[in-house]
Amino acid sequence: NCLPDWSVYEGYCYKVFKERMNWADAEKFCMKQVKDGHLVSFRNSKEVDFMISLAFPMLKMELVWIGLSDYWRDCYWEWSDGAQLDYKAWDNERHCFAAKTTDNQWMRRKCSGEFYFVCKCPA
């Protein structure tokens, strides 16, 4: 039940987009493409292999945005001695994750970076 130019695997539809966007714009783009669309998430290594089989022939050695990030909420941070983190001196840049199309290693990148991306939705 996927759209004609999408690929199906284990009850989900996938599409690689060869257009560079930042993480938030790519996520919004996926949400507009199809009902319940999002940047790709992975349940197991076979799903990863499937995504690589789609992305590598089209993109070669590139990074693609995946749905993992701390974009929507802050992680819980505390000092090693247990003190609360009340004073913060880091930049406000959020971190998102991109996957290598060669071996799917996940790499933390600034969410403002622009990469290709893969969308996923239920079939």
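For all residues, glycine too, the Cβ spot is worked out from N, Cα and C.
Per Swiss-Prot, the cysteine from Cys2, Cys13, Cys30 that shares a disulfide bond with Cys119 is Cys30. Per Swiss-Prot, the cysteine from Cys96, Cys121 that shares a disulfide bond with Cys111 is Cys96. Taking Cβ-Cβ distances under 8 Å and a sequence separation of 6 or more, the neighbours of Cys2 (disulfide bond) in its chain are Val8, Cys13, Ala123. Between the disulfide-bonded residues Cys13, Cys30, Cys96, Cys119, the minimum number of other C-beta atoms within 10 Å of a residue's C-beta occurs at Cys13. Cys13 (disulfide bond) falls within a strand when secondary structure is assigned with DSSP. Around Cys111 (disulfide bond), taking its Cβ as the centre, 20 other Cβ atoms fall within 10 Å, counting all chains.
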